[in-house]
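Participant: Dumping the structure here so I can ask a few things about it.
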Amino acid sequence: MLVAAAIGFNSVSADPDLLQDVCVADLTSGVKMNGYACKENFTADDFFFAGLSKPGLTNNTFGSLVTGANVQKIPGLNTLGVSFSRIDYAPGGLNPPHTHPRATEIAFMLQGELEVGFITTTNTLYTKTIKKVAWYTVHIGTKQVDKIKSRFAPKK
């Protein structure tokens, strides 16, 4: 009987299944719980965004432009916890230092070369120059993960 109980605990330790197949964002709704409220009727266009195919204008202070593809641009991403960005850089341009408190960033270099990196919670800098058709992963820090976990810990 003890073995059967242990197997039962192991089988319920996974993330729960989604409650619906698709939850396309209703960007006009004032209700926001887990992202936006779901639209009742949606089309294939709710899962499409062509804006990442166009180079951005980089004639600004930073010499870069971020074009985001998130739920505001692709309503079909609602509740999935994913987004994507295209960053265009002028020679010598930069993306100002920033944080991703609940996310990890992946950089893909399509053309040219770029110095990328991140600082860990122990203040260690990791950098690399990536060149054409290369990937780089920027990790979330462990302190941020612990902080997020503590917000969901059971109250005693």
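Any Cβ shown, glycine's included, is placed from N, Cα and C.
Under the heading disulfide bond, TrEMBL lists Cys23-Cys38. Annotated domain 'Cupin type-1' per TrEMBL: 50-146, in sequence order. For Asn95, His100, Glu105, the entry in TrEMBL reads oxalate binding site. What TrEMBL records for His98, His100, Glu105 is Mn(2+) binding site.
Please situate the listed features within the shown structure.
Facilitator: Around Cys38 (disulfide bond), taking its Cβ as the centre, 18 other Cβ atoms fall within 10 Å, counting all chains.
Just so you know, the Cβ of Asn95 (oxalate binding site) picks up 16 other Cβ atoms within 10 Å once every protein chain is counted.
DSSP assigns Glu105 (oxalate binding site) to a strand in the three-state reduction.
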Participant: Per DSSP, how many helix, strand and coil residues does the domain 'Cupin type-1' (50-146) have?
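Facilitator: Counting residues per DSSP class in the domain 'Cupin type-1' (50-146), I get 11 helix, 36 strand, 50 coil.
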Participant: Among all the protein chains here, how many other CB atoms are within 10 A of the CB of Cys23 (disulfide bond)?
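Facilitator: Its Cβ has 21 other Cβ atoms within 10 Å.
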Participant: Limited to the domain 'Cupin type-1' (50-146), I'd like the whole-number average of pLDDT.
Facilitator: 82
Participant: For His100 (oxalate binding site), just count the other CB atoms lying within 10 A of its CB, please.
Facilitator: 13
